[in-house]
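Just below is one structure, and these are the notes that go with it.
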Amino acid sequence: MQGRKAMLVLHGKQAMNEDVRSAVGDLRDSGWVLDVRVTWEAGDAQRLVAEALAAGYSHIVAGGGDGTLRDVAEAMGLAATQASLALLPLGTANDFAKAAGIPLEPASALALLNVAPQPIDLGQAGDQLFLNMATGGFGSQVTANTSEDLKKVLGAAAYLFTGLSRFSELQAASVELQGPGFHWQGDLLALGIGNGRQAGGGQVLCPEAMVNDGLLDVAILPAPQEVVGALRDLLGGDGLFVRARLPWVEIKSSQGLDINLDGEPLQAANLRFQARPAALHLHLPAGSPLLSHPG
């Protein structure tokens, strides 16, 4: 029975979600032992992961938005566990799940526990791990400044609305990026360093990223002269980006750069990003677009 025992770490706001309750019941009826623990405050997800691993759970489910998924994935990655992770995406953007082909319907998402997990990479920024993407420049500002109320009303379109309403505030960031065989220096409008492909409610910054290639995809949108067109390009994802695929990249910015790490803001003048190959075992659908050799 141990092989069919899992713990669901569920964001507190989703505790009364009837679709989630029904999906949990269906999975239990199919023979799984699925215990549920609910987060209340910062740090709970990490604590619950530690408790689950100490208790010998071989599967953990992260239920919530991109931030919750990142918290659980980071805790498991830092623990270097062989336990596997399944994602129950319940947020507004669900960027990683959408790019990976993970169902947004709770019962279908939980059913991925029956699919063999795949080893995937995690990204590392300084001493923090991330599952999906680090964004910098205006893209991170849009994500950070999109209100929860607006998300409730507009869903993922809230990010686009925020971007359009704030385009007059666009300011380029002067940065230098360096990695193996790669160097770029100048003013950028947006930056994506992706393990996954999209962030900020559907901005596909790294369209070719794979989660099992041991590399991070770097996308730089240089600052142009015409701001409104640049915002359109950022949200539309055309070919103006400078791109690279690297095992690590270092960023330097004399004035500091705002970074958004799977929904968590941070600021740094110097930061090293690197891929952590095969750092996590994740349940993904067969043929997931994020697998370089789909399982």
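Quick reminder: no glycine exception, Cβ is built from N, Cα and C everywhere.
Feature annotation from Swiss-Prot assigns active site, proton acceptor to Glu264; the stated evidence is sequence analysis. Annotation comment: Swiss-Prot describes Thr39, Gly65, Asp66, Gly67, Thr68, Leu69, Arg70, Asp71, Thr92 as ATP binding site. Annotated Mg(2+) binding site per Swiss-Prot: Met210, Asp213, Leu215, in sequence order, evidence recorded as sequence analysis. Look at Swiss-Prot and you will find 1-129 tagged as domain 'DAGKc', backed by sequence analysis.
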If you run the three-state DSSP split on the residue listed as 'active site, proton acceptor', which class comes out? strand
Met210 (Mg(2+) binding site) sits from Thr39 (ATP binding site) (Cα to Cα, rounded, in Å) at a distance of 30
Of the recorded positions Asp66, Arg70, Glu264, which one sits closest to Leu215 (Mg(2+) binding site) when you measure Cα to Cα? Arg70
Taking Cα atoms as reference points, rank the recorded positions Met210, Asp213, Glu264 by distance from Asp66 (ATP binding site) and give the first. Glu264
Greatest Cα separation in angstrom, residues Thr39, Gly65, Asp66, Gly67, Thr68, Leu69, Arg70, Asp71, Thr92 binding ATP per the record, works out to 18
Quick one: of Thr39, Thr68, Thr92, which of the binding-site residues has the smallest count of other CB atoms within 10 A? Thr92
Please report the Cα separation of Asp213 (Mg(2+) binding site) and Thr68 (ATP binding site) in Å, rounded to an integer. 24
So which of the recorded positions is most packed in, judged by how many other Cβ atoms lie within 10 Å of its Cβ, out of Asp66, Asp213, Glu264? Asp66
Alpha-carbon spacing, Arg70 (ATP binding site) to Glu264 (active site, proton acceptor), which is rounded to whole Å: 9
I'd like to confirm something. Which of the binding-site residues, Thr68, Thr92, Met210, has a Cα closest to the Cα of the residue listed as 'active site, proton acceptor'? Thr68
Over the domain 'DAGKc' (1-129), what is the model's average pLDDT? 96
